[in-house]
2 protein chains.
Amino acid sequence: MADKIYSEYPPPLSPEQEDYLVQTVKNWTIEHGLCVRPSTAIVSEEANPKNVLATNAPVTLFPSPFPKSCFEQARSLQQVYNELYAAIASDEQWLEEIMKELIEVDDFLANLWKIHLSVKEEGYVQDLTLGMFRSDYMLHTPEDSPPSLKQVEFNTISSSFGGLACLVAEMHTHLATFPSPEHPAAYPSHPLFSDSNDTSSIKSKGHPPHNAAVPTLTASLAAAHAAYGPSRSQPQLPTCILFLVQDTERNVFDQLALSTHLYDHHKIPSFRLPASRMLAYTSIPSKESNPSRPLIYTPPYSSSTQYEVTVVYFRALYTPTDYDTPTSWAARHHLERSAAIKCPSVLLQLSGSKKVQQVLTARPPDTDHLKAFLPHHSDEKLESMRTTFAPQYSLSTTNTADEPEGIRLALDEKTAANHVLKPQREGGGNNIYRTNIPPFLSSIPKEQWKQYILMELIHPPTEAKNTALRSDGQVASGNVISELGIFGTCLWKNTSGSTKPEILHNTEGGYLLRTKGKESDEGGVAAGFSSLDSVILYE
Amino acid sequence: MADKIYSEYPPPLSPEQEDYLVQTVKNWTIEHGLCVRPSTAIVSEEANPKNVLATNAPVTLFPSPFPKSCFEQARSLQQVYNELYAAIASDEQWLEEIMKELIEVDDFLANLWKIHLSVKEEGYVQDLTLGMFRSDYMLHTPEDSPPSLKQVEFNTISSSFGGLACLVAEMHTHLATFPSPEHPAAYPSHPLFSDSNDTSSIKSKGHPPHNAAVPTLTASLAAAHAAYGPSRSQPQLPTCILFLVQDTERNVFDQLALSTHLYDHHKIPSFRLPASRMLAYTSIPSKESNPSRPLIYTPPYSSSTQYEVTVVYFRALYTPTDYDTPTSWAARHHLERSAAIKCPSVLLQLSGSKKVQQVLTARPPDTDHLKAFLPHHSDEKLESMRTTFAPQYSLSTTNTADEPEGIRLALDEKTAANHVLKPQREGGGNNIYRTNIPPFLSSIPKEQWKQYILMELIHPPTEAKNTALRSDGQVASGNVISELGIFGTCLWKNTSGSTKPEILHNTEGGYLLRTKGKESDEGGVAAGFSSLDSVILYE
């Protein structure tokens with residue numbers, strides 16, 4: 001049935017219908033802040049010298065169909081995933097074991113690890129950590145079995161698009177229900193747009209589910225802010241949350257959705273600080289004057305007013321290219337040793353490495369990391385989690401006597417045809433697909449193989465199609481691949497000597513669908529369009 | 001005291017403070033839809049071929065001080081003003097008397113009047129009229145007396161900026177109170193920004209009053225929609241409100257604020273229709289098939305779905321330049337004869353002429369139009385209204401034997417120095433100021449003098465200053481002149497044979513402050529900046 005749903009969706013548009021839909025979306029996006037700052041490819045710097053212009057975020061004109069059971073499974077696993085990553089980030093020894101060989105080849109991970117060791121030596125002054133996560137999945141639809149979820153990535157830092165994703169769901173709901181759900185003006189009629197009764201072959205609510213990403217993410221910041229407690233400065237200072245942002249951020253309205261909600265609903269002020277100015281505008285008192293190391297923010301525009309930072313929310317310094325000034329690493333170290341709650345800490349960021357994801361796929365009887373990290377969860381729950389793991393393999397030869405399975409699968413052209421080779425290194429290189437894998441591996445020294453992970457290909461619905469309004473106003477239609485992200489948050493406390501986190505706040509809520517134009521059957525993803533989307537669930 | 005308030009406001013900004021304030025405003029505006037589409041002077045058509053870009057509406061960085069008593073007087077008069085203009089629009093004979101001599105010289109007014117006569121001959125099929133008004137004032141601060149209000153204009157058609165004005169008040173309130181009213185981050189401290197206690201010399205709430213323009217204006221559309229009653233078509237059609245808009249409208253987000261609120265809070269769908277397409281996409285059944293003349297809207301994108309229009313809300317066809325196609329006048333006639341409630345009718349639009357405003361200033365014992373139109377209101381109320389009239393004079397010589405006072409004042413250089421000569425003609429020409437008046441009048445034939453109205457100059461606070469962020473991102477500071485608009489709405493019924501309207505809905509709510517850079521002491525208004533503003537009230 002899934003095939004039929006994708007092959008007959010979205011409904012075709014006449015030129016007049018497309019005009020109306022595109023015009024409505026152009027206006028709706030700007031009216032509601034579903035915006036980005038345009039790239040210089042869209043508007044040159046000379047044409048926009050004061051950077052005042054905005055344009056719509058790239059969005060699909062229609063929500064994309066998604067099986068309800070898979071969506072619900074993803075939601076039902078999120079709090080367990082949150083707990084899993086809290087446990088991983090709390091187990092320094094386990095992580096060190098995983099990281100050891102990567103650190104040898106990856107400066108970025110090595111630098112992060114060094115920061116952790118340095119702060120550990122000095123002694124951490126904050127035992128709370130906040131995670132604002134997004135677990136990303138693709139729908140796997142092999143010919144012979146029902147659709148299932150496969151996890152692509154678990155984001156432990158700078159999980160973005162919660163703010164804009166809420167607006168996309170709202171916009172698609174508006175388009176599907178205005179002026180009435182029975183006769184929407186913007187969409188041609190289609191079974192997925194009608195709140196189906198029992199006689200219909202497809203069950204659907206007719207519009208995307210409500211997206212609670214903003215309140216969910218914001219509530220976790222508020223929980224961390226409250227858990228921080230009173231100011232540790234003498235005299236006490238007013239407190240705030242700091243959004244650490246990139247110096248040139250085009251996705252600013254996604255972030256503002258959170259800070260605005262944080263203030264409007266929780267009365268917690270937050271400030272945006274570009275990463276390059278972190279050391280200039282924050283300070284930590286000397287050990288002698290205040291050993292508790294509060295992070296003090298002195299706004300550039302008002303040196304007489306100081307704030308104590310309860311939470312540093314990273315929307316920068318997550319990728320190697322963010323560390324582009326001589327003091328970037330010093331800034332990260334500075335934050336890590338402060339009393340501010342980090343979202344995330346260095347260890348939590350490291351827990352999000354692809355390598356960790358691969359190691360977790362190990363199954364009993366070999367190892368059972370899941371059971372070890374989540375002893376209180378039922379086998380059924382852990383098994384449900386395992387079904388979301390795409391098979392993936394290390395190409396390392398370090399810890400094993402036999403030829404590892406990954407290497408065997410990668411070198412045989414027949415099995416390689418169903419795999420993708422992903423570089424382990426953060427922020428580096430492109431994926432190698434299918435039969436390109438064996439010759440590629442042969443072309444590089446064997447010692448470098450461990451930098452890669454081999455992953456079985458996920459087969460998303462081949463017939464999926466959608467139309468997007470890009471930020472330059474171009475309308476692009478075609479075959480697409482979608483990735484579902486589920487947002488979750490976790491606040492926990494680490495007790496000295498224990499590797500078990502004490503969970504204080506653990507929530508699931510909100511989703512992101514990102515839909516990209518398919519460039520080729522190589523699985524490559526086109527720059528043609530990559531859009532924010534929402535789901536229309538079907539049974 | 002007023003002088004002192006204006007001379008010490010706004011507080012000076014350091015470069016860092018201005019940077020922060022400007023950056024905050026740039027982001028806040030886009031995040032909240034306080035936007036316009038950029039003019040081609042800001043972004044060329046080639047750089048924006050798909051018209052996707054948006055920029056901040058021009059806004060002041062600070063709210064402008066305004067005496068609380070004057071603000072409250074303006075509010076307290078609004079419902080009386082609403083009633084006055086409902087009465088004027090209901091008294092065809094009185095209006096005809098006023099219009100007679102203008103029609104001779106003004107094609108625009110003549111064409112409107114002809115439409116009324118034509119529909120009157122055929123017979124009106126709708127006895128309800130909706131007015132969405134804005135009464136505009138300037139603060140008059142002559143040296144020797146306390147500040148008072150003087151009415152500049154009473155808008156009876158396309159009263160704009162209610163949508164964006166609400167957002168400006170919200171933004172200024174945010175800037176004045178974030179993160180705390182005691183220590184706002186964006187504004188330097190200033191007595192007007194603190195919720196003053198009794199010991200302070202200036203009383204202020206510290207931030208602008210809430211602006212209720214959107215709910216007020218929207219509620220009147222909803223009241224008219226409800227009063228229209230069920231569909232008059234056979235078979236009945238779903239109903240909607242039509243926003244008649246200009247073909248190239250940059251101020252679209254101001255209008256969307258109303259249509260969005262109308263749908264979200266009243267569940268009433270509305271559609272935008274450019275004036276040039278009015279005849280193509282709306283129709284009125286023939287007399288034989290349906291004599292009640294419902295206005296049928298057939299959306300271009302869905303010819304199978306038709307709607308019956310309950311209210312036509314004019315945000316176009318208000319000015320001569322809007323009638324730029326061969327069928328513009330036919331479109332206006334088409335709407336006027338339909339059963340849709342017009343906001344406004346032709347007669348209501350004509351009631352907003354400058355000439356009517358001038359005639360109303362006639363005082364007893366000469367004439368007492370106010371008392372005649374508003375017999376149930378107290379003399380005190382009418383006197384309060386009269387204090388808002390700036391003295392103004394006809395230069396017509398038609399109805400009087402003596403040399404009229406206006407001509408005497410205009411020709412004497414001494415008295416002319418305190419006046420402005422305004423062309424009566426809609427949408428035409430520039431004002432003539434002060435001592436330029438006598439030579440100007442001498443240079444044109446005496447028969448043309450009646451096209452002008454002489455108005456005593458209003459003296460706004462000379463020390464008023466503000467800083468604006470223009471839509472091109474430039475920051476402009478300097479002396480300013482502000483105009484306060486108060487929004488009001490009125491729905492009434494006209495009974496055949498009676499000149500007295502039956503008022504069904506009469507509300508006041510919301511305000512607009514428009515602040516312009518002062519170019520020179522000639523009273524001319526600079527193109528330098530014209531910004532949306534809000535008020536900070538003082539006592």
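Cβ atoms here come from the backbone N, Cα and C positions, even for glycine.
Those TrEMBL annotations? Automatic predictions, nothing curated.
TrEMBL has this to say about the protein:
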- B:Arg134, B:157-160, B:249-251, B:Gln255, B:315-318, B:Arg514, B:525-526: substrate binding site (BINDING)
- B:Glu153, B:Lys354, B:422-431, B:Tyr433, B:455-458, B:Glu483, B:Lys516, B:Glu522: ATP binding site (BINDING)
- B:Glu153, B:Asn155, B:Glu426: Mg(2+) binding site (BINDING)
- B:239-351: domain 'Glutathione synthase substrate-binding' (DOMAIN)
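Annotated features taken from TrEMBL, shown on the structure.
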| residue | record | contacts (Cβ under 8 Å, 6+ apart) |
| --- | --- | --- |
| B:Arg134 | substrate binding site | B:Phe154, B:Asn155, B:Ser159, B:Ser160, B:Gly162, B:Gly485, B:Ile486, B:Phe487, B:Gly488, B:Leu512 |
| B:Glu153 | ATP binding site | B:Ser135, B:Asp136, B:Gly352, B:Lys354, B:Gln357 |
| B:Arg250 | substrate binding site | B:Val36, B:Arg37, B:Pro38, B:Ser39 |
| B:Ala316 | substrate binding site | B:Ser158, B:Leu244, B:Val245, B:Gln246, B:Asp247, B:Glu249, B:Pro274, B:Ala275, B:Asp322 |
| B:Tyr318 | substrate binding site | B:Ile157, B:Ser158, B:Gln349 |
Taking the Cβ of B:Tyr433 (ATP binding site) as the centre, how many other Cβ atoms fall within a 10 Å radius?
19
Tell me, by DSSP, whether B:Gln255 (substrate binding site) is helix, strand or coil?
helix
Inside 10 Å of the Cβ of B:Ser160 (substrate binding site), count up the other Cβ atoms and send me the figure.
18
Average pLDDT across the domain 'Glutathione synthase substrate-binding' (B:239-351), rounded to a whole number:
96
Taking only the binding-site residues B:Pro423, B:Tyr433, B:Leu457, B:Lys516, which one has a CA atom nearest to the CA atom of B:Gln255 (substrate binding site)?
B:Lys516
Helix, strand or coil by DSSP: which one applies to B:Arg250 (substrate binding site)?
coil
